[in-house]
Every structure is written in C-alpha cells, then in structure tokens.
DNA sequence: AAAAAAG
C-alpha cells in the first residue's frame with residue numbers, strides 16, 4: 001500500500017493520528033468556504049494531507065497551535081487556507097495589517113506569498129511581502145493602502161516598523177513558520193520583540209520541525225493554551241528517497257559529480273555545497289562543462305536569487321548549485337536528485353537537503369560525497385537518521401572521463417581532441433578544466449539539456465544487479481557502473 | 001569550519 005504523502009510509517013511515541021481518518025477526508029469536510037474549495041480544486045488538490053486535516057479545523061476555531069511538521073507535508077496550506085477564510089470576514093485598514101506570517105528566509109516568504117495568491121484567487125485580499133534585498137517603495141505603498149496579510153522576514157519587518165511604516169496593533173493573527181530555523185539564525189530576539197508589538201488578544205500559530213528548548217520557551221511565553229499536533233518525521237523516513245554515500249577524494253569530486261549528472265538519469269538536481277565560494281566555483285565549472293546550471297546563495301543580490309530560482313523552476317536550467325539557503329523548505333516540483341557535493345557539517349542539514357527530492361510521492365535519489373575528512377560528519381548523519389547509508393566508491397585513478405561522456409557524439413568528436421597538453425599546474429587544483437573540444441562548444445546547449453532527450457544512459461544490466469542496495473528506500477534502479485561497491 | 005538576515 002502506498003504511504004500517504006507526508007504520513008509516517010512508524011510514528012514512534014507520537015499520539016499517532018489514525019492515518020485512515022486523514023486518508024479518507026475531503027477538503028470539504030474541513031469547514032472551508034466554497035470559494036476556497038474552488039481554489040483548492042483549481043490548484044489540483046482533492047485530499048488534505050495529515051497536517052492539513054488536523055490543523056485547519058483548529059485554526060478555523062481560532063485556537064492557538066503548535067505544529068511539528070516538516071516542509072513538504074502540506075504545512076503552508078494548513079495555515080494559508082483557514083487564514084483566508086478568517087480574513088475574508090473583515091476589512092483592511094491603512095498601515096494596520098490584520099495578520100502576519102514570519103518566515104526565516106526570503107525564498108520561504110515568497111513561497112508563502114505564492115500560496116496566498118494561489119488559494120486566494122476568489123477572495124479580495126491584499127497582501128504585502130516584506131523581505132530584504134529589494135526596494136522598500138512598493139512595500140511601503142502596499143502598507144499605506146492597507147493589507148490583510150503581511151508576509152515577512154524579521155529584518156525587513158523590524159526595519160519598516162522602526163521607520164514608522166507599520167502599526168502592528170491590529171494584527172490579530174500571527175504565524176511563526178519554521179521556528180527552529182529562526183532559532184538557528186538568531187531571530188528569536190526579533191521574534192520576541194515583534195510578538196510584544198502585537199495585541200495580546202490574538203491567535204498565534206507556531207510551526208517547527210523540531211522543538212528545542214528555546215522554541216518551547218517561546219511558545220510558553222507567546223501562545224495561549226495551544227493545541228499541539230505532530231505529523232511528519234524527518235525526511236529520512238521518506239521511503240521515496242534512495243540514499244547513497246560516495247567515497248571520493250577532494251580532487252575527484254567534480255569529476256564524480258559530472259559523471260553522476262551524466263549517467264544517473266538526472267532530470268532535475270540540486271547540488272549542495274558547504275561554502276558560498278564552492279557554490280560559485282562549482283557552478284562556473286559545471287557551466288564550462290556544458291551543463292545547464294545556476295546557483296543560489298546568500299551573497300547574491302535578491303533579484304539574481306529570484307531569477308535563478310525562476311530559471312530552475314521553469315526548467316531552463318536543470319541543475320541548481322546551492323548553499324544551505326536552499327536546504328530547507330524550498331519546494332520545487334520534480335527534483336530527481338540531490339547531491340551533497342560536501343557532506344554537511346550538521347546532520348540536521350543533511351535531512352533538510354535530501355528532503356528537496358522525493359517530494360509529493362515521487363522517487364528521488366540523494367548522493368553524498370564523503371572524503372576521509374568527512375568521516376565524523378557522516379557518522380553523525382547516520383546516527384541521527386538511524387540509517388546506515390549504502391556506500392560506493394568513485395572509480396577514479398585514470399581520469400578518462402570522456403569514456404562515459406559520449407552524448408551527443410557529433411558535438412564531441414573524440415578523434416578531434418588534441419592531446420592534453422596543459423601544464424600540470426592548471427590541472428593541480430582539481431581535474432576540472434574542460435577538454436579542448438568541450439570548451440570550443442558555445443554554451444554547449446545540446447549537451448546541457450540531457451533531459452530534453454529523455455536520455456537513458458546505457459546500463460550494463462545483469463552486472464548491476466549485485467549492486468542493488470536493498471535498503472533504504474526500496475530503490476531498484478541500477479547504479480552507475482563507474483561506482484564500485486565499497487566495503488566501507 | 002558556514003550560512004542566513006537589515007543596510
């Protein structure tokens with residue numbers, strides 16, 4: 001039986017909501033208005049996820065709520081939907097927003113805003129998206145005209161407040177999204193100060209993937225008699241994600257990545273690196289090698305971040321090289337692969353990163369490059385997830401990458417390749433410089449879009465069978481033959 | 001060890 005999206009195979013120790021209840025429920029059973037139901041249907045949804053089934057009625061009843069849920073569980077709709085109905089029953093006033101949603105990153109705030117637009121099409125509601133990195137003018141204008149909902153990152157909200165552009169005294173509904181991430185990012189003092197500016201007579205919803213002490217304290221202080229619901233477990237419990245470790249030396253990482261990108265039927269991939277500089281360099285490198293890539297990290301200006309994300313979502317590029325700004329919550333449909341170019345330092349980040357794939361019931365693969373220095377970090381990941389990740393070894397040594405790099409044949413005549421005459425110096429950092437034939441290709445568009453051709457890499461079938469990891473994830477696809485089974 | 005968020 002298929003596990004319902006967002007449900008938990010074994011919800012150890014939690015008050016285990018009967019999955020059948022959520023499973024057979026319909027959005028119409030949740031007390032949403034007809035206009036809202038139409039919008040939900042138009043968006044293509046029929047059945048609420050477990051978090052939606054549990055949270056929506058509570059929010060409707062104006063209860064405070066603590067929800068333990070990962071992104072990708074339908075969490076956003078679980079507060080956006082009932083909020084729309086609540087807000088529909090009132091009138092907006094200039095500079096006095098009626099509700100506020102706080103999110104830790106600009107991208108997450110934008111995603112919430114997109115949800116509001118999608119589900120609010122049949123309502124006359126105004127929103128303002130208050131995030132940094134963009135001009136204040138439009139935001140101030142929207143505030144002056146009056147908004148029903150404010151969607152904000154803490155920094156810009158505080159900034160505008162201090163400039164006297166916002167009154168929060170009319171804000172009777174507050175949502176704190178990704179509270180644990182807010183904690184990680186040092187936003188708790190800001191959150192506290194914002195909470196104090198809101199009327200005490202209000203409804204507060206707090207969403208968090210985990211409940212560390214400071215978040216508990218925050219909830220005790222600012223929520224009143226909250227309902228507590230808990231649904232999803234970490235993304236590792238997602239049986240749709242097949243996980244692999246790839247043992248590789250630092251200087252072979254890029255080559256290993258390129259080979260995987262070419263041969264593992266990669267449709268859409270996010271490649272995570274630990275440092276912004278690595279993200280930049282890796283993106284440039286992949287572009288030079290003809291891949292359709294983009295990058296996203298916090299040193300980019302906001303318009304570039306948005307542009308890259310738009311390219312990725314539209315499919316113009318199918319590989320996004322990212323820092324951990326994209327690790328959490330980012331919801332892009334159809335990401336087939338996550339590559340951890342660097343093993344993340346914190347095991348939590350691993351869980352969030354790989355959770356970008358295997359979404360909405362789709363199958364996904366997560367490859368994590370592990371160098372000898374990463375031994376401790378990956379051990380922590382396995383300790384946290386309780387899963388021993390199958391390990392493979394990148395068959396390096398010869399560096400003859402072109403052998404597994406044939407498509408498209410005409411654009412890369414092997415015979416035309418000059419002897420590699422570059423100095424060892426240019427080679428020394430990593431085996432990254434493209435062959436002369438590759439470099440000559442302008443943009444190498446043909447190769448850059450392997451998925452357009454639904455490229456099926458040739459695979460040597462029977463020999464692969466032994467390499468099938470039986471777990472986790474019940475994934476039975478063959479693994480690329482340049483990876484060797486490693487003893488560990 | 002990094003990254004994120006106000007500028």
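Placement of Cβ uses the backbone N, Cα and C atoms for every residue, glycine included.
Sequence annotations record features per position, and here TrEMBL assigns compositional bias 'Basic and acidic residues' to A:397-451.
Sorting each residue of the domain 'DEAD-box RNA helicase Q' (A:25-53) by its DSSP state yields 17 helix, 0 strand, 12 coil. Residues or ranges marked as domain 'DEAD-box RNA helicase Q' in TrEMBL: A:25-53.
Annotation comment: TrEMBL describes A:56-229 as domain 'Helicase ATP-binding'.
Per TrEMBL, domain 'Helicase C-terminal' is recorded for A:256-400. Mean model confidence of the domain 'Helicase C-terminal' (A:256-400) amounts to 90 (pLDDT, 0 to 100 scale).
Summarising the annotation, TrEMBL assigns region 'Disordered' to A:397-488.
Look at TrEMBL and you will find A:25-53 tagged as motif 'Q motif'.
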Going by DSSP assignments with H, G and I as helix and E and B as strand, what are the residue counts for the domain 'Helicase C-terminal' (A:256-400)?
62 helix, 27 strand, 56 coil
